[in-house]
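As written in TrEMBL, here are the features:
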type     : residues : note
TRANSMEM : 35-55    : transmembrane segment
TRANSMEM : 120-149  : transmembrane segment
TRANSMEM : 161-181  : transmembrane segment
TRANSMEM : 231-259  : transmembrane segment
TRANSMEM : 294-315  : transmembrane segment
TRANSMEM : 327-353  : transmembrane segment
TRANSMEM : 365-398  : transmembrane segment
Amino acid sequence: MPKAGLSSDVRYGRAGEAPLPMVGWSQFNAAERRAFLVCLGVAVGYAVTLVILYVRRTWILDGDGGPALTDFIAIWSAGRLALAGHAASAYSAASEHAAEVVTLGHPFRHEYGWPYPPSYFFVAAGLALLPYALSFLAWVAGTATFYGFAVGKASGRWSAAIAALAAPWTLACALVGQNGFLTGGLMALALVCLDTSPMASGLFFGLLTYKPQFGLLIPIALAAGGRWKAIGWAMATTVALTGLSVAVFGVQAMAGFLWTLPRTAQTLVVEGGVGWNKLESIYGLARCLGGSNAVATGLQVVTSLGAAVAIALLWRSKAASALKSAGLIVAAAISTPYLFAYDLPILGVATAFLMREADLDLLDYLGLAIAWSALGFALVVPLPVGLFATLSLGSLVVRRVVMSRGESATLAPATN
């Protein structure tokens with residue numbers, strides 16, 4: 001593939017080598033400078049938009065000065081229950097809703113459940129120590145900063161952090177105070193550390209278990225790649241975190257989590273409790289197009305199995321680590337039926353690894369433009385358009401893998 005500017009080997013290094021200095025403005029080519037300025041403008045625009053919404057009392061707080069009704073209500077309220085010694089009550093729909101009514105200051109009909117494992121109470125309880133508005137702001141700002149840092153590490157250039165924060169799912173995550181930034185940051189650092197520090201990688205993978213739907217393919221990838229040390233540390237972290245959460249929040253909390261899993265799947269996925277168009281998955285698309293639960297489930301299972309096979313083959317191959325990482329992230333997103341717009345910051349991490357692997361060309365920019373703009377169509381198209389962002393990035397990963405194999409075949413010495 002033709003390169004513009006410094007080669008990817010010089011600029012980003014290869015997996016297993018010592019980290020290289022971050023790429024600066026002087027090393028950008030013309031296309032990168034234009035893209036950076038556009039992304040910077042969009043990211044600043046998001047920040048200005050949030051400030052305006054906050055001042056006008058349509059974000060975080062409502063017109064009466066109380067908490068606005070959004071997803072963060074559930075996190076903060078569950079944290080208050082945990083601090084009061086009633087963590088298990090968060091898994092009762094009635095008790096969690098009652099706590100949310102207290103937080104909001106008035107009754108409301110919508111149900112914001114608590115579907116997370118007990119380990120996530122450590123986050124929720126920490127947030128509940130702060131007043132609601134300050135907690136919301138600190139959460140969004142802190143996790144967005146963590147996400148930007150991790151994306152920069154994944155790509156080898158801080159400009160990638162700006163590009164990731166300019167994606168529309170950034171605004172979707174910030175508006176509702178969800179955990180997409182935390183998920184993306186943990187995934188990025190787990191994969192960045194995989195070659196240089198299996199222990200740190202396993203630690204980050206273990207922390208990621210608060211979102212179990214993203215962990216379906218991680219063991220397959222690590223096993224296929226022979227990353228047994230990382231697997232061991234991930235298992236140890238998971239066991240330790242689970243044991244600590246049970247010790248702090250009680251066995252009843254773990255029992256409540258296990259009890260609520262099928263109920264959550266039934267309500268949010270099968271019954272489309274929040275709308276199937278908000279499930280950014282093959283399952284969600286099939287249901288939106290009129291497919292039955294059986295048909296949608298069958299399509300999702302076939303997709304997930306195909307993604308698992310593809311990841312196993314990719315991680316057993318000699319492809320660059322950055323390509324393997326990007327492929328795993330995209331496959332993780334497409335293999336779960338339970339995916340929302342606020343979860344999509346992980347796609348920014350996949351993009352970062354693509355940028356690390358090689359300079360972007362015109363087709364890459366076109367694919368990224370499709371991925372970045374897809375979510376905007378949610379305002380006019382009643383479909384899970386975020387799925388098309390995942391598929392667009394997936395096509396870029398597949399293209400890079402095919403190209404890398406072609407280059408390897410070309411460079412291989414001839415044999416008689």
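Using the three backbone atoms N, Cα and C, a Cβ is placed for every residue, glycine included.
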Cβ contacts under 8 Å made by the transmembrane segment (231-259) with residues that lie 6+ beyond its boundaries: 82, 87-88, 90-92, 116-119, 121-122, 198-199, 201-203, 205-207, 209, 218-219, 222-223
The transmembrane segment (365-398) and the transmembrane segment (294-315) contact flag, 3+ Cβ pairs under 8 angstroms: no
Interface-richest range of 35-55, 161-181, 327-353 toward the transmembrane segment (294-315), CB pairs under 8 Å: 327-353
